[in-house]
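Engineer: Got a structure for you, written out below as structure tokens; questions coming shortly.
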Amino acid sequence: MVPKKPHALLLWMLVCSGGSTEAIEPISTSIAVGMAAALTGFLATYPNIFYYFNECCRPEWISLNKTGLKVDLDRKLYGQHIASRIILKAVSGFMSNDNPKKPLVLSLHGWTGTGKNFVSQLIADNVYKEGMDSSFVHIFTSELHFPHASQLETYKSQLQQWIKGNVTNCAHSMFIFDEMDKMHPGLIDSIKPYLDYYDKLDGVSYRKAIFIFLSNAGGESITQTALDFWKAGRDREEIELKDLETLLSLAVFNNKKSGLWHTSLIDKNLVDFFVPFLPLEYRHVLQCAMAEMIARGHQPDPSVADQVARDVVYFPKTERVFAVKGCKTIESKLDYYI
Ligand SMILES: Nc1ncnc2c1ncn2[C@@H]1O[C@H](COP(=O)(O)OP(=O)(O)OP(=O)(O)O)[C@@H](O)[C@H]1O
Ligand SMILES: [Mg+2]
């Protein structure tokens with residue numbers, strides 16, 4: 001629906017542009033009104049044209065590409081059969097529900113460099129046309145956004161206002177909390193009402209938003225389970241969510257440094273899915289190196305990938321099964337080999 005009057009059009013442009021209002025501010029009202037008048041005739045002919053150029057909180061810009069997400073998870077994410085399955089199910093179930101009872105809350109856990117940020121990006125890429133660059137996707141990092149423990153109370157109210165403002169602007173907003181292990185649990189507790197089964201809070205409904213928490217908490221217990229399977233000569237793919245789930249939520253709840261330590265988010269079952277990320281093995285590091293070569297436009301060379309993967313450090317010391325840094329340093333390491 002396109003407003004017909006110039007002033008209404010301008011207002012609509014400002015509302016629809018969401019995060020990009022700053023770009024419009026410097027233009028004086030008279031010029032803007034003039035521009036709007038000129039545009040009106042054009043828009044009367046092509047009523048939806050503006051949606052195609054300016055990101056809006058509309059299905060043209062926000063809708064799940066389920067096949068795309070499945071293909072990405074199958075082809076680009078290595079060694080994470082459990083995470084892959086949960087994420088596809090959780091995101092597609094949530095996005096296909098027009099009336100969810102609460103926002104989707106995912107808590108991603110695992111060893112470093114196993115794909116937690118990477119998966120968040122795959123989700124964003126397949127929900128928002130602009131992917132991680134979307135003005136409806138927001139990332140919080142403890143060290144960047146909440147560095148001083150003494151300012152916890154300020155951070156709490158800022159975070160609440162920030163989330164409220166963004167969800168008011170677009171119900172389908174996504175919030176990623178990185179480095180949860182370094183966050184004060186009180187901070188996350190302060191947004192608990194937004195994650196709960198409320199119809200509306202102060203006139204705002206949070207039920208269509210997605211919250212993703214990333215942390216290394218629980219990584220050790222996941223790794224121990226993966227190692228037990230390996231030692232027993234069992235296939236990694238035999239590991240099931242039930243082998244990890246209870247262990248994981250306990251490890252997170254009881255870990256003072258998990259960011260979710262004794263938070264009511266866990267008490268009240270507000271986290272919909274605890275998603276375990278398994279530690280990566282030699283063969284996965286190999287795949288990461290091959291993918292990185294392709295991403296750089298090189299012919300993928302298995303012998304180079306093998307060299308890169310062999311030079312990575314593995315643990316435990318005796319068995320040398322899992323990559324200490326996962327696939328995290330492959331991108332920079334590859335520079336030495338090609
Ligand atoms: N399972 C994986 N499959 C494919 N690529 C991966 C995987 N894990 C990591 N990578 C690659 O390594 C890079 C770093 O991984 P990512 O940042 O997602 O790790 P992380 O789990 O968030 O680690 P940390 O806990 O240290 O933050 C990714 O951008 C991706 O290129
Ligand atoms: Mg990360």
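Every residue number used here counts from 1 along the chain in the order it is shown.
A Cβ is built for glycine as well, from the same backbone N, Cα and C atoms used for every other residue.
If you look up TrEMBL, you'll see Gly110, Trp111, Thr112, Gly113, Thr114, Gly115, Lys116, Asn117 marked as ATP binding site. Here TrEMBL flags 280-337 as domain 'Torsin-1A C-terminal'. Under the heading signal peptide, TrEMBL lists 1-23.
Help me picture these features in the structure, burial and contacts included.
Structural biologist: Taken residue by residue with DSSP, Trp111 (ATP binding site) is part of neither helix nor strand, so it is coil. Trp111 (ATP binding site) is surrounded by 25 other CB atoms, counting those within 10 A of its CB over all protein chains shown.
DSSP states for the domain 'Torsin-1A C-terminal' (280-337), grouped as helix (H, G, I), strand (E, B) and coil, give 31 helix, 5 strand, 22 coil.
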Engineer: Just going by other Cβ atoms within 10 Å, which of the binding-site residues Gly110, Gly113, Gly115 has the emptiest spot?
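Structural biologist: Fewest other Cβ atoms within 10 Å, among the binding-site residues Gly110, Gly113, Gly115, is found for Gly113.
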Engineer: Same chain, not part of Gly110, Trp111, Thr112, Gly113, Thr114, Gly115, Lys116, Asn117: whose C-beta falls within 8 angstroms of the C-beta centre of the ATP site? Give them in sequence order.
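Structural biologist: Apart from the listed residues, the neighbours are Phe118, Asn216, Gly219, Phe277, Gly326, Lys328.
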Engineer: Where the criterion is a Cβ under 6 Å from an atom of ligand 1, which of the binding-site residues Trp111, Thr112, Gly113, Asn117 meet it?
Structural biologist: Thr112, Gly113, Asn117
Engineer: May I ask which of the binding-site residues Gly110, Thr112, Thr114, Gly115, Lys116, Asn117 have a CB within less than 6 Å of any atom of ligand 2, listed in sequence order?
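Structural biologist: Checked binding-site residues vs ligand 2; flagged Lys116, Asn117.
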